[in-house]
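Below you'll find the structure, written out as structure tokens, and then a few comments.
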């Protein structure tokens, strides 16, 4: 049977079909339009971010993103390299001898992007709005000890604490919730926890154009008090998928991919090896750590904990799994934080020593068995890891293999992140992954969770013989007004923790950046959460 | 027809209630406490007092039965609560993202129809010809390639290497091409084969022979009779798939950074944003029911042998 009388009719239909299928392929407008977009303003950059930037409320958390909040809002004091605190919106400050009164001299001639003046009154108004919802911010130490605030005169702001708390200034350097919204951004009732009317800040950038889930464009703030950014425009495209980010970057739709885990380690190395782009790694921003739960009977023994540390080849594991993007860690806190530069004797990979320590602890290997036993109990532990984290998974598997060689059976259990956190808080784990907070939160936030219950870390240390003394030292360090004493306390706390081996440092986490050749040097911010893009330049 | 429609619409109620019940039980069975999920999503450290306060606010301190009826009551009033993450009404969030998803689903569906109807029809008519082999290859690929992988491959060749389309985003018609092709390939695979099979089946029917003996033109027999009837099973598939497309664009939206409902849902899962997950399940159930109903009506219009009364008359 024939539907089409001639071959010609058939061919016409067939070619129409093909052309429909390949619809649009002949049109190259789309491609050129995106190239034009990049070339449109030589003095602008486009980067990607995995999530929408959110409503940019400076006093609440999700869904606003730290990176963009730091472009618009500024702190009184900022966190510089090595933890040095620098004047920002406060030109100078004095702290009373008892450590209770902080008086800030505000910078003159600072204006919000709407042209209104930045003064002590608006600083107080912001603090009041934050304190109205103090319970939401209880994680931040300064909020818990804040008694009241005062606008002494136009440019003098005072903060009075209930008790001395030395990291108060570090806490003021964080991105949220203690940065400043201009008057016109406040809702009528002044309660910013329910929303703001507009993101009005003193920072170098203003939000020019925004389409939820798609992009946000920032331009220079004409009222900015400091040196204006070198770029005219920063566009942030929302690309949730890491592989798509890499493809968009390769095509030239992005100038920059930046962040922690923004692209896979494979992709980073691939882009680096092409030689067509510039790549860089930051200083350590945090430590990937194993948390050994000392309330577990088996792990209550120091010898067992140290044996486990001797029992795996840390360097090989880190190199193999992170492809050189993380660095083997010997210290619990990397030494680029204040007070953390302590001498640590690295725990080497030594299977014999590990076995000897386990023997000493009474865990013997019965003949014909592969798992050590004591009083008929096998040396069996469980490690839990975040299911969605491929690095944690690979590391758990490596540990399982390595520890089996010293007669320890390790079961691995993937958990959803929320369950992992819940189990950690309830102390229902043997071995878990843990990370410190980074700058500007550490080292004070770190010692705080070592002493304060509710995060699972203090709980994991419960069985240490010197726990009470450790907690006491933490309290003293946080309240101390004497720099030398504080350093001594930190050294003592960190040394004890290192020796006790409840924390097993694995590797230092670093941020990665990949950028096109026409972007001049990229400088990583000292504050983990910030990136105001002030210093980036593009070659014309 | 009116009574039939009323009956069908009334049947929707128990189905939706059952869907709500399933969703309600699944959420209660999961180990995550909604109050904890809320605080975690808002980045607030969950103290016991805050947790108690939130549990009361969400009505979690009441019995399961009361909680269930309250959930139903709220859903009936189209009140899905506020998203834990954004603190805005879920309904608003969904409504803002739905158009993008609908556009993508409809464009993929249209592309699938445009390609598979002629392709399936021609490969039946010209059985074992070049076009039949081509359609077989296309179906094979469409059925076996995972969508996310196809997405990356298309981006790599057509966006990065050939520079014909943008990699991601939404705005111009060019942005539609790659995600629509990605989504529609699997549909093309199914429909082409489905249509080919039913055309071949119809060609064996007596009415075709009768029409030929009456001297009707071959083209008229094919288009007016065979195709019209053969297309019915494909329509059923289309209707089912429209629901699937509207709720299943998740992976493609993620790969192409398409700002739709699917992507929003993925984020909701990661954030344990329970009100959003809840609304997604209810909405998906309703979408499937409505799509099925539409298909049935269209079927009856196309094939008069199916009557409104639900039995076949000859």
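Just so it is clear, glycine is given a Cβ too, placed from its N, Cα and C backbone atoms.
Taken verbatim from TrEMBL:
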{"type": "TRANSMEM", "residues": "B:9-29", "note": "transmembrane segment"}
{"type": "DOMAIN", "residues": "B:98-299", "note": "domain 'ABC transmembrane type-1'"}
{"type": "TRANSMEM", "residues": "B:102-125", "note": "transmembrane segment"}
{"type": "TRANSMEM", "residues": "B:137-160", "note": "transmembrane segment"}
{"type": "TRANSMEM", "residues": "B:172-191", "note": "transmembrane segment"}
{"type": "TRANSMEM", "residues": "B:226-252", "note": "transmembrane segment"}
{"type": "TRANSMEM", "residues": "B:280-302", "note": "transmembrane segment"}
Among B:102-125, B:172-191, B:226-252, B:280-302, stretch most in contact with the transmembrane segment (B:9-29) (C-beta, under 8 angstroms): B:280-302
Residues of the parent chain within Cβ reach of the transmembrane segment (B:280-302), under 8 Å, 6 or more residues beyond its termini: 5, 8-9, 12, 15-16, 19-20, 22-23, 75, 80, 94, 228-229, 231-232, 235-236, 238-240, 242-243, 246-247, 261, 265, 268, 308
In the same chain, residues at least 6 away from the ends of the transmembrane segment (B:226-252) whose Cβ sits under 8 Å of its Cβ atoms read 101-102, 104-105, 108-109, 112-113, 116-117, 120-121, 147-148, 151, 179, 182-183, 187, 190-191, 194-195, 198-199, 201-203, 208, 258, 260-263, 265-266, 280, 283-284, 287-288, 290-292, 294-295, 298-299, 302-303
For the transmembrane segment (B:102-125), sequence-distant contacts whose Cβ falls under 8 Å of one of its Cβ atoms, 6 or more beyond its ends: 131-132, 134-136, 138, 176, 179-181, 183-184, 187-188, 191-197, 199-200, 203, 222, 227, 230-231, 234, 238, 241-242, 245-246, 249, 252-253, 258, 260
